[in-house]
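The UTP binding site annotation in TrEMBL covers Lys111, Gln174, Gly206, Asp237, Lys380. The feature substrate binding site is assigned by TrEMBL to His207.
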Amino acid sequence: MTEFEEKLRQQHEDSMHRELEALLTTTNKAEAEISRKDFDGFKKLFHRFLQVKGPSVDWAKINRPPEELIQPYDRIKARGLPDNIAVSLNKLAVVKLNGGLGTSMGCKGPKSLISVRNENTFLDLTVKQIEHLNKTFNADVPLVLMNSFNTDEDTKKILQKYKHHQVKIHTFNQSRYPRINKESLLPIAKSMGTSGENAEAWYPPGHGDIYASFHNSGLLDKLIAEGKEYIFVSNIDNLGATVDLFILNHLMSQPADKRCEFIMEVTDKTRADVKGGTLIQYEDHLRLLEIAQVPKAHVDEFKSVTKFKIFNTNNLWISLPAIKRLQEKNSMDLEIIVNPKTLDGGLNVIQLETAVGAAIKSFNNAMGVNVPRSRFLPVKTSSDLLLVMSNLYTLDAGSLTMSKKREFLTTPHVKLGSSFTKVQEFLARFENIPDMLELDHLTVSGDVTFGKNVSLKGTVIIIANHGDRIDIPAGAMLENKIVSGNLRILDH
């Protein structure tokens, strides 16, 4: 860095620190104490953001991981299970990332409270899965929710309803960081409040914040004191992320000195996953490579399914004592994801974020496990919601499994147009969910509704042009059909 750049960097840092101190004076003492811890983490991130220039990886150093570091799931499953798997279960806690809102699907409040199947929300299904596990094996696996300031209050109100379930539920909050004005590199917040003019001033800094927040909350120490050794971490909207006893057994059966401290579940890429982060070998370590870190000239190569065959499902198994060790030594170095956003008023801001999987390079004996696609069933859009609500899946004890009646193990490719984006509108367009057991591909665009007991097979494309409407009649069977034009069915 030139002397000028160094002075400028120092200036930005000093100004940021002054602004943060000023913000802390706008709230009460207890709140300020919590926020000061958050700000300590933010300052470290901001310091590194000012230091880093250019892509954080040298493309020439990237190699495919050696085969022994990414084990096929079948090999792990072939080892079977010991009689006393309950002993291992009692050393596990399940952590669900619950910081997200349902805004992208037109819902207010936490995404985990959206109904996805038979009136069950993501949270209901999670609680049912863990309760089933605890009852079946007479175990004590607790559920831990990492909330954000956006989801904490609403989630806590709902937790009352699980009081009589056989699952202990803990929560902790991820940090609250200030959005930065892209031009001035200063916070846009006027005070520590989160409403009114400050409604858009704060953000939860990505799931990589789990390590610091979990440690700061005291919950990490509490779980270790209770004899827990590993956490299984996943996104709450991934309905495939259930506790896998074979992976758990693999972790627990390693000799103490060769204990694997981190497993990342990866699965084979399809065309839909080309942007997903992938595992690489980089300077003798396994490392997560995200698309945001890839130099522009290599983005197409990164997206290629031939060179990078797998992607990160964000289902992670992590050693609790290892998290404690790395946090206390302050030696977890997560790549910064700079997320630019334009607020409603047109202001350009940046959010500094980190990803939970990026920590893989800091843990000992880390490895990937290439799991079946069924362990990755995220619901990010109404197209995903249609799949999980359909007869492609059966629901048992909170877990969704692909119907035995489907001949293919892959799910159909579904693309629903903008009329289906919001959950309320989506539900209003189906009298009930069509039979999709033999469907390969569905594209729907425009003002389309579905009557009762519709059956879709093969490739079905339904396009209502602007101003037109198509009502698919009750009992219709569409196989390899394109439907376009105008079709109104009115009650007589």
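Each residue, glycine too, has its Cβ placed from N, Cα and C.
Heads up, TrEMBL stuff is auto-annotated, nobody curated it.
Contacts of Gln174 (UTP binding site) defined by a Cβ separation under 8 A and a same-chain sequence distance of 6+ are given as Gly99, Met146, Asn147, Ser148, Pro204, Pro205, His207, Asp209, Ile210, Ser213, in order along the sequence.
The Cβ of His207 (substrate binding site) has 25 neighbouring Cβ atoms from other residues within 10 Å, across all protein chains displayed.
Sorted by the number of other CB atoms within 10 A, the binding-site residues Lys111, Lys380 start with Lys380, the lowest. Counting only same-chain residues six or more apart in sequence, the Cβ atoms lying under 8 angstroms from the Cβ of Asp237 (UTP binding site) belong to Gly100, Lys111, Ser112, Phe122, Pro378, Val379, Lys380.
Among the record's UTP binders, Lys111, Gln174, Gly206, Asp237, Lys380, no two C-alpha atoms are more than 21 Å apart, and one pair sits at exactly that spread.
A simple way to gauge crowding: the CB of Gly206 (UTP binding site) has 23 other CB atoms within 10 angstroms, across all the protein chains here.
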